[in-house]
């Protein structure tokens, strides 16, 4: 059985042929006989059909799906008058011959009405009128079909309209890529509302469609129209025996508050939320009050305020009223706040474990996905890339708990987009840019630019490109990306602008931007960005005021990283401290400090950080060994040999990223070290490699002592 709206003959035959080519040929032959014959040929077809009450040994038995369908069809046909039978026959001819007529003018010829429109359970003979007025001339919605996107121009029947709205709403929620484009969907909804302005569900889908394109005016307009029509239709008096009118009012105010929250209109959202709370309290609607409380703490978070107390109250009340979905959302919000406030990982994971039990118990697949995506992000924030990768793979390989409708594979939600972006960044950190390209391409296919989650992969892609160009020393290619990053995330854009300015020796401008950025991040409690800004500020101190002035900044950054258990940033800060100590003339202390950070860096950090750590370790070993350039016989041979091995390891890391500036530094140190040890042949080889890279880069090499 093929369930759905009417299809063109070509699409119908293609569908049948995929299941059974012989049946498709028989259908085509029978249609040809009736359409090219006479009216009696169609009458003969209906007279020869086996009735559901006599076909005991076939699929048309009365209790089968096919049997029920045939019974409906025969009852409808037998109720038709002769003039209606003739019109049905002419419609059949038009349906058949239009398959060979080109073009189709964007309409699918309707053969018969759907069974709900024919009202077969009614004993009154009203079928003929409906066939005359609607069924035989109803153009169907082309965009519902599998291979056509041409919009319809006529009214849809009630059943067709409901099917279309349900399908598009489901696709917008689970797989926006398969839904109609915003402009095409808007055109179809306008056409639908033109024939039925009081169709409440169409107004709601219009609201969802407007949200996709960030149209605040049309979103609010459609949302209010939806609740107005819902009140008029009287279809909403279903909540705890409450009056439908009051229920619509409070949920209309709540939805309006959520709409303003999404657009960042916090004052308007707060007013709408207070209105929803007032009406819900008057009606004693505890469920609506819990939804209001959830949005209240969400609104406080978006404002940058501490909403921990509100969130805890929401979780307690949701558990009291047996609302597992809201309780779980509250716990996940508490976990997110705890991560930013410096809670330890085991406490957060215990909380998420308890929510996972709740999710599986109630089959809340959407929250299971969110929980796994949140765990992935938390492990990555803490610097545990292996655990983050494991959680990402767990989500990507998880089967959906929801029934799959309309061909949706349940992998186009925000949680999947977040996890795939993390996966792309983890591969980029290891220099696996081929895999990154495949992941980004998959994201582009699953989340096209017009979809609501496309900004996630856009920002991820830009950040990866930026880091790659910076690692390769192509600052002229990295600079144009700053504008695009700023459009998607202002804080990330400012930070990367400062990085580019610092790289091209515009230190004063970079310093001013970093100071502004640090003040903004401290206000919004964005700890990770604060630490990254401090590290960049310390690097500017190296180049200007000296290494001693960088120590207080680095110590403050290290304390902040350890307070919030950010192991990745703590290791990077230790690298900066070790380099500062090396430049201040205490290489032994620098080497001891460096040993503390090497293990987590090699286990979890990016290839670039591994190379920098090995290069710094080699320089510390050379300094401890008493190495001095262009002087032979005075270095500790054991430490010098160890330094050479460390430099070779650093060169391997930098080669993975094609980081030629760093490779130039490595070859320079290798040549000096080989010469001091009397290894002239190896020294000449390293010097030649240095010379080739220096000529290729065509830029003066900065002093090795001035950068990490």
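Glycine residues also receive a Cβ, built from the backbone N, Cα and C atoms like all the rest.
TrEMBL entries are annotated by machine, without manual review.
Quick caveat, the model's predicted, so the values are computed rather than measured.
As annotated by TrEMBL, compositional bias 'Basic and acidic residues' applies to 127-147.
The annotation compositional bias 'Polar residues' is assigned in TrEMBL to 148-157.
Residues or ranges marked as domain 'Anaphase-promoting complex subunit 5 N-terminal' by TrEMBL: 4-99. DSSP places the residues of the domain 'Anaphase-promoting complex subunit 5 N-terminal' (4-99) in helix, strand and coil in these numbers: 67 helix, 0 strand, 29 coil.
Taken together, the residues in the domain 'Anaphase-promoting complex subunit 5' (203-302) have a mean pLDDT of 82 on the 0 to 100 scale. The domain 'Anaphase-promoting complex subunit 5' annotation in TrEMBL covers 203-302 (among others).
Annotation comment: TrEMBL describes 541-599 (among others) as domain 'Anaphase-promoting complex subunit 5'.
The annotation region 'Disordered' is assigned in TrEMBL to 124-157.
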I'd like the per-state residue tally for the domain 'Anaphase-promoting complex subunit 5' (203-302) from DSSP, helix first, then strand, then coil.
82 helix, 0 strand, 18 coil
With DSSP helix as H/G/I and strand as E/B, how many residues of the domain 'Anaphase-promoting complex subunit 5' (541-599) fall in helix, strand and coil?
47 helix, 0 strand, 12 coil
